[in-house]
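Report on the structure given below.
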Amino acid sequence: MTFFMMRSFAAAPICRDYTHTRKTRSLFARTMMGLGALATCMMTSSPHSHAASAFKHNAFGTLSSGQKVQRYTLRNAHGMSVQFLSYGGIITAITVPDRNGHPANVVLGFPTLEGYETDSAHANIYFGALIGRYANRLANGTFPLDGQTIHTTVNNPPNTLHGGLNGFDKKIWHVRQLSGLPHAVGAELTLTSPDGEEGFPGTLHTTVDYILDDSNRLSIRYRATTDRPTVVNLTNHSYFNLAGEGAGSIENHTLQINADSFTPVDHAAIPTGQIASVSNTPLDFRTPHRIGDHLRSNHPQMLIGRGYDHNWIVNGYDGKTQRLAATVTDPVSGRTLSVFTTQPGIQVYTSNSLDGTYAGPSGHAYRQTDAIALETQHYPDSPNHPAFPTTTLRPGEQFDHTTSFQFGVAGTSTTP
């Protein structure tokens, strides 16, 4: 199978070993090392050079509750930057260069805090947000756990979507800078969700690391512990357009998904429990092709989602190693994005609900197919499907998964 390799903008090769970081990141170190050959030793010079990485923050606004919100900026040594909020851990901008070294923000968002608090919440958009306690859907807001039936808040009738009415996307996270990262800059976000919040049992302590390294890779590590048996499924809901925020449809982007199968859904977007082959369906992206090629297919699965809104099963999942899940390429700018994850699934969503109601920082109204979300996850509704990889978390255990977004520009192709 052919995969696109990337050239990241840097002055010289930097081959690093994350095992030299502190011991609390040993699992993260092991998973990061698996990506080194792909990204850290394939660099070329950039027309825009920057002396050092940076961590900054500034006031972004005040919520209707009176809570203050900070905006944080991570900048690597070569000028790539990631901005996020203490509110929802929302990634508001990811600025990366194109093939000519010209930078652009490649994620959708709102220009003001009010957009995130009011518009995003009202329309269930979740631009750039951290999602929990349970990403994606829980059928009818119920699931079995140790002989009991748990009832969660229904916010997407008849289902619970992305953690309920007051999920992690609407929380103020505590943020601090991470230190001791080689050739990288990062932040740690922490949140405690009390027992019973949105119906989920157990007090859940969650830590999320955003780490931007000098190979233009953004890594997100999710960790969680509980004092009672519960379920956990965490992700980030960024919407990507590699041509730039507000640039219009991503139908001409090329997509490759490293998955032989997917989980079909019913008319309520709930998995049927089947594992289906992507062969001879519009969901076969094992060979890269245009996103728009089969977007308007009359295949039943495409009609249900009004486009792509499905969970693909990542090939080679073992729960520990970051596997290549998907690669997106914009042929005009040359920007590429490859997603690696330790999670078993990836929800690919072509922003089907955007209808021109909301505009981003560019002033352009967002419409269907103006972005693609790449949500690494456990399968939707897993607690109601015993054959799916478990999302149950018990006291003494730790939920620990990492997803990396590797940005670059299109180069030569190879077979790994």
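Using the three backbone atoms N, Cα and C, a Cβ is placed for every residue, glycine included.
Feature annotations, courtesy of TrEMBL:
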BINDING   N136, R137, H237, S238, Y239, D309  beta-D-galactose binding site
ACT_SITE  H237  active site, proton donor
ACT_SITE  E375  active site, proton acceptor
For this session: Between the Cα atoms of Y239 (beta-D-galactose binding site) and E375 (active site, proton acceptor), find the distance and write it as a whole number of Å.
Result: 9
Problem set entry | Integer Å distance between the CA atoms belonging to the residue listed as 'active site, proton acceptor' and R137 (beta-D-galactose binding site) | 13
Exercise. Cα of H237 (beta-D-galactose binding site) to Cα of E375 (active site, proton acceptor): how many Å, rounded?
Worked result: 6
Exercise. Given the recorded positions D309, E375, which one is most crowded in terms of C-beta atoms within 10 angstroms?
Worked result: E375
Exercise. Hey, what's the widest CA-to-CA gap across N136, R137, H237, S238, Y239, D309, the beta-D-galactose contacts in the record, in Å?
Worked result: 19
Problem set entry | H237 (beta-D-galactose binding site) - helix vs strand vs coil (DSSP) | coil
Exercise. How many Å lie between the Cα of N136 (beta-D-galactose binding site) and the Cα of E375 (active site, proton acceptor)?
Worked result: 9
Seminar exercise, completed: Here the Cα-Cα span from S238 (beta-D-galactose binding site) to E375 (active site, proton acceptor), rounded to a whole number of angstrom, reaches 8
Exercise. What is the Cβ neighbour count of Y239 (beta-D-galactose binding site) at a 10 Å cut-off, with all protein chains included?
Worked result: 26
